[in-house]
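The structure appears below as structure tokens.
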């Protein structure tokens, strides 16, 4: 399904994949899987390879492949969060020879390790607890904690009081980004009070996100009944229990809840499964520029009587419903790889279709601190104005620096297989020291060398490094990368909501409002890439992931190209989403190919099928180059149709976005009701929240992969087949490794069954299943909307053409351009 694995040919950034699968399991014959394979997303429904010619001469990723010192975490190309290998171009070969001969290279490993500043801190203010029944607890905590006498500061601020620009200014005040925090952030969700719940049977749980890593709590350990009169007593009790010195924080938090009766029905188990009829919301087919913030109506109390009842209960002196006072004591640990990152804590009700109960956003400033902690009540906030939210949540966080510099496969426990592809596999893994869940892609060096894809593989990693260093909220982040003599490893955020393809396949199509939300976030992601001179080139549902809250994250940069200042000629992509200029224009194409794919994607989301789908690739290319787009009645609003037509203009110079890139798309009337700043900060409630029972939930991924056994991955067995590559070949991967290369030999025996278990899956093209489409007679042919300046609509291009493509066997795609057009 997902294209997490890409296989490209020799010295071109090429690829061509058609990875959709018909819901009934039928193969439509579109066997032109671009750069073959699926090595770059999570699950992979298809893997097929075929080399493609290109007019590029191999001068790819020059700024990246010449990098000589490699960071252990994806912070930037020259700012290191966990130390470097320090491999230089002059001694790379010697280093690799030493590695294979078991010779230590400690000196080189430490040559470029950045200095860690560990300024000591007066711990008196770090562990203070501020109890406040009103909404001023956060401000009070800031006033109390900000001590001018401390040599370092720990500042906690709320979203409402600190804008993005202000946060950036505050970050600059704390020093340059060369002092990136390296440590662990332990977060304990203790309890909440005065929640607005629908009934005493409500089952609150928490989704906690930090640097795109997710934690999904179980249900409460117990539910307590409290009086408002006792709030101050509770605050005093927490103040008495505060930990002023970090060295004394060994108290077991679970003991504090032993006196509560466990009447919640949770019994310490995972979240209960939701009945099937609660998972599906009615599909409506037409809404013109409606407010997205009204989509949360199912996530708030809509009955006025219930609202008044719940609101009044918040100020009464009587006892609360048990469900309004959940006690969790759930603890999780996050890897701190960046600086000034946001800690997002959202509360939901599993018993009422994951109703939203409130949110807290914190910005723990831990710059240059060896230790820091805080133990405090925070007022829950709504995401939008009309959400009914009240109550407070008690949160404790503790930050500690770590000394570890190098990571390898032994630091991760494999949990589930998420996908397979040409180069290797993608696994759900758990980092052993923090228990954090990640996705780990394992690529076989032998296959990469055989397909001559070393430069592209390193280029993909460096694009991920670039996007991580200039973070976008809607792009999957790279956390770690390292290598052994046999394999390459990329460790990224695990998005538990699964891929958008999986949800689209199950539901058939989305409402216009839901599609608009996803497209708007994709516009921000593509704008971020284009502003950094990166063309994505493989936009499709398989490469779009959902997080636990329902926001999207773009993944799979296997076909992306960096440093694109003008045009490129590489023939790559997925058939249904290819732009016509990629087929027809011998002068190459620009970043506008991404916006064409975006137009195809929104059409597919709303209508339920691809606008250019055909039973074979030759007909599909003809439709892309010359076919008319047909809209079913009452599926897209007039603004939506105008937006799609603007994106599907065959002349890239007149396509929507050609003048001002993503900013031009954001100004379109289709997005008139979007608050872009709020969307960028993820303040707009997603129209759909994935149903999850834990942070390790894989129910939104293909069970064909997730049910496969991975027990052999965690066993250290002798090497069965392949031997390490020669030192000369190993040296070619010097720009990839993040692990201490003197320790690579000890990992050589861990991962040799990957190639044995790899396989090629049958390719196909996906049409969402049974979306209750309108009858044929309701299809509208928009004949009058052709662009008179569109020079690509000339049917004469079809004259005297003959096929130059082989549609059998390995699906080789010949991208020879003849007389300004692709031979169809």
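Note that Cβ sites are derived from N, Cα and C of the backbone, with glycine treated the same way.
Some features that Swiss-Prot has for this protein:
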ACT_SITE  538  active site, proton acceptor
BINDING   418, 419, 420, 421, 422, 423, 424, 425, 426, 441  ATP binding site
COMPBIAS  1-23  compositional bias 'Polar residues'
COMPBIAS  24-37  compositional bias 'Low complexity'
COMPBIAS  226-248  compositional bias 'Low complexity'
COMPBIAS  249-272  compositional bias 'Polar residues'
COMPBIAS  286-302  compositional bias 'Polar residues'
COMPBIAS  307-321  compositional bias 'Low complexity'
DOMAIN    166-378  domain 'C2'
DOMAIN    412-671  domain 'Protein kinase'
DOMAIN    672-748  domain 'AGC-kinase C-terminal'
MOD_RES   570  phosphothreonine
MOD_RES   723  phosphothreonine
MOD_RES   737  phosphothreonine
REGION    1-37  region 'Disordered'
REGION    125-152  region 'Disordered'
REGION    221-272  region 'Disordered'
REGION    285-327  region 'Disordered'
Largest inter-residue Cα distance among 418, 419, 420, 421, 422, 423, 424, 425, 426, 441 [record-listed ATP binders, Å]
14
Under DSSP, is residue 420 (ATP binding site) helix, strand or coil?
strand
Across the domain 'Protein kinase' (412-671), average pLDDT on the 0 to 100 scale:
91
Do you know offhand how many angstrom separate residue 422 (ATP binding site) and residue 538 (active site, proton acceptor) by C-alpha?
17
Looking only at Cβ atoms, how many others are within 10 Å of the one on residue 418 (ATP binding site)?
29
What does DSSP call residue 426 (ATP binding site) in the simple three-state scheme?
strand
Once the DSSP letters are reduced so that anything not helix or strand counts as coil, what is residue 570 (phosphothreonine)?
coil
Fill in the CA-CA distance, residue 420 (ATP binding site) to the residue listed as 'active site, proton acceptor', as an integer in Å.
18
Between residue 424 (ATP binding site) and residue 570 (phosphothreonine), what C-alpha distance do you get in Å?
24
